[in-house]
Amino acid sequence: MQKFFGLEVTGKLDSNTLEVMSKPRCGVSDISRYGHFRGKPKWKKSTVTYRITRYTRDLSQKEVDATISQAFKLYSDIIPLDFQQIHSGTADIIILFKGRNHGDFFPFDGPNGVLAHATSPGPGQGGDTHFDDDEKWTLSRKGFNLLLVAAHEFGHALGLDHSRDRTALMYPTYKYVETRGYKLPRDDRLGVQALYGGQYWGVRGEMTLPGYPKPITEFGFPTSVTKIDSAVHMARKGRTYFFVKDKYWR
């Protein structure tokens with residue numbers, strides 16, 4: 001545990017270790033710098049549905065819907081997945097706010113402590129995301145910011161495990177950061193794009209063409225390529241070269 005959190009490995013419950021253990025956190029166990037669940041499960045569809053079956057009393061239903069949508073958009077902006085809220089029937093991801101015992105084998109522990117948890121992608125309860133409604137959910141730095149916690153949990157629901165990069169959203173303990181204009185940190189982008197790939201856009205002038213963005217794998221790149229470093233178009237030869245680290249495609 002000390003190694004995971006970047007602490008001096010003493011094997012003892014010293015003050016620094018106790019401080020980390022006492023911080024509010026996600027209920028999913030820890031791993032390493034960006035990681036995936038065993039077997040690298042992921043959604044094998046282009047549209048993932050979600051349904052909120054129980055809301056928190058701390059925010060209006062409209063605020064919760066908008067914030068959950070915003071959290072999913074952090075991912076749909078950078079990977080070829082769309083997320084659609086439904087209000088009846090069976091969804092891929094079930095979301096609820098409830099305290100203590102809430103229908104699974106992992107009861108919450110009351111205020112502070114574990115804030116939420118989510119399962120990895122898959123059928124049945126795969127991807128389901130639960131928030132402890134004994135917490136104070138807010139849209140600010142007071143209490144616990146729903147956007148930040150939801151985006152973290154949806155990382156799990158997409159297949160990301162915890163990261164020991166302290167700047168990552170998937171770091172296991174909660175830390176407030178400014179949410180205005182918030183984008184996923186680099187470690188999280190690399191992690192989720194390693195699972196789902198990146199996207200490319202077709203544009204004309206300042207307009208995005210219909211049907212875009214698309215996954216870059218449709219452009220002929222292998223799934224291992226999640227980011228293009230640079231590109232050069234040679235008009236005379238009618239060729240475009242794409243560079244990724246020490247390799248290129250044309």
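In case you wondered, yes, glycine gets a Cβ from its N, Cα and C as well.
Worth saying up front: this structure is predicted, and the values here are computed from it rather than measured.
With ASP133, GLU135 listed by TrEMBL as binding Ca(2+) 1, the candidate from ASP58, ASP65, ASP229 annotated for that site turns out to be ASP58.
Per TrEMBL, the Ca(2+) 2 site holds GLY126, ASP128; the candidate it also names there, chosen from ASP92, ASP109, ASP161, is ASP92. On the 0 to 100 pLDDT scale, the repeat 'Hemopexin' (225-250) averages 80 in this prediction. Using a Cβ-Cβ cut-off under 8 Å and counting only residues 6 or more beyond its ends in the same chain, the repeat 'Hemopexin' (225-250) has close neighbours at 190, 193-194, 197-198, 216. Helix, strand and coil counts from DSSP across the repeat 'Hemopexin' (225-250) read 0 helix, 14 strand, 12 coil.
Secondary structure from DSSP puts HIS102 (Zn(2+) 1 binding site) in coil. When the C-alpha distances from GLY110 (Ca(2+) 3 binding site) to the binding-site residues ASP92, HIS162, ASP229 are tabulated, the minimum falls on HIS162. The recorded positions shown are CYS26, HIS102, ASP109, GLU153, ASP229; of these, the one with its CA atom nearest the CA of GLY126 (Ca(2+) 2 binding site) is GLU153.
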